[in-house]
Amino acid sequence: MQFDIITLFPDFFTSPLQSGLLAKALERDIARVNLVNLRDFAHDKHRRVDDEPYGGGVGMLLKPEPIFEAIESLEILPPREIVLMTPQGEPLHQALLKTWAGSYQQLILICGHYEGVDERVCEHLVTREVSLGDFVLTCGEIPALAIINGVTRLLPGTVGKAESLKLESFEAGLLDYPQYTRPPVFRGWQVPPVLRSGNHQDIADWRYQQQLDRTKERRPDIWQKWLEEQD
């Protein structure tokens with residue numbers, strides 16, 4: 001998987017890409033990350049990539065020329081997706097991460113800034129707009145990093161035990177069940193006895209019921225969708 005990141009702040013990614021599973025995946029060439037400094041495609045001495053919006057308004061917009069030129073400079077590795085990080089995009093979800101990991105060779109991630117980007121970028125270049133949720137961040141680098149992390153961990157060879165990916169939240173349409181480790185009693189709080197019983201069927205039944213209860217309580221939207229899929 002090739003990730004090309006169009007950003008004003010390449011250094012933002014330095015530490016996360018050198019840590020944990022992401023670093024190992026890059027070392028093994030499971031994934032590749034190419035950081036593209038948008039200012040390298042500015043054409044004035046100040047390396048300016050933003051300007052005032054037509055019609056007035058607060059703040060600045062990223063200009064179309066540097067973004068188009070930055071992406072046109074990249075090697076094309078189809079199938080690819082050109083993604084803009086924006087609060088106006090569709091919410092990022094696990095199914096989308098799985099689609100990217102399983103069906104795409106290249107993700108080009110445009111990190112938004114200021115008040116956004118010239119709409120012509122969205123209309124004629126971007127293939128998908130994505131948001132982390134109903135809130136606003138100072139930059140698009142944070143959601144871009146979330147996508148890199150979320151997709152890479154789904155690529156074969158990244159996670160040691162592939163089976164663990166099948167048992168986590170959202171894979172069965174439900175949230176994950178609660179988990180415990182040693183000690184069996186901590187400050188008077190006890191691990192549920194069923195988990196120490198050794199009865200695998202009882203444990204499986206308990207975990208499934210916990211998934212149902214937790215999803216219904218915490219994420220009624222997911223719960224309703226799950227119910228509809230059972231019909």
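Keep in mind that glycine also has a Cβ here, set from the backbone N, Cα and C atoms.
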Same-site S-adenosyl-L-methionine binder from GLY112, GLY157, given that Swiss-Prot records LEU132, GLY133, ASP134, PHE135, VAL136, LEU137: GLY112
Assigned element (helix, strand, coil) containing ASP134 (S-adenosyl-L-methionine binding site), judged by DSSP: coil
Additional residues around S-adenosyl-L-methionine, ordered along the sequence, whose Cβ is within 8 Å of the centroid of GLY112, LEU132, GLY133, ASP134, PHE135, VAL136, LEU137: PRO87, SER131, PRO143
Of LEU132, VAL136 (the binding-site residues), the residue whose Cβ has the fewest other Cβ atoms within 10 Å: VAL136
Mapped DSSP class for GLY112 (S-adenosyl-L-methionine binding site), helix or strand or coil: coil
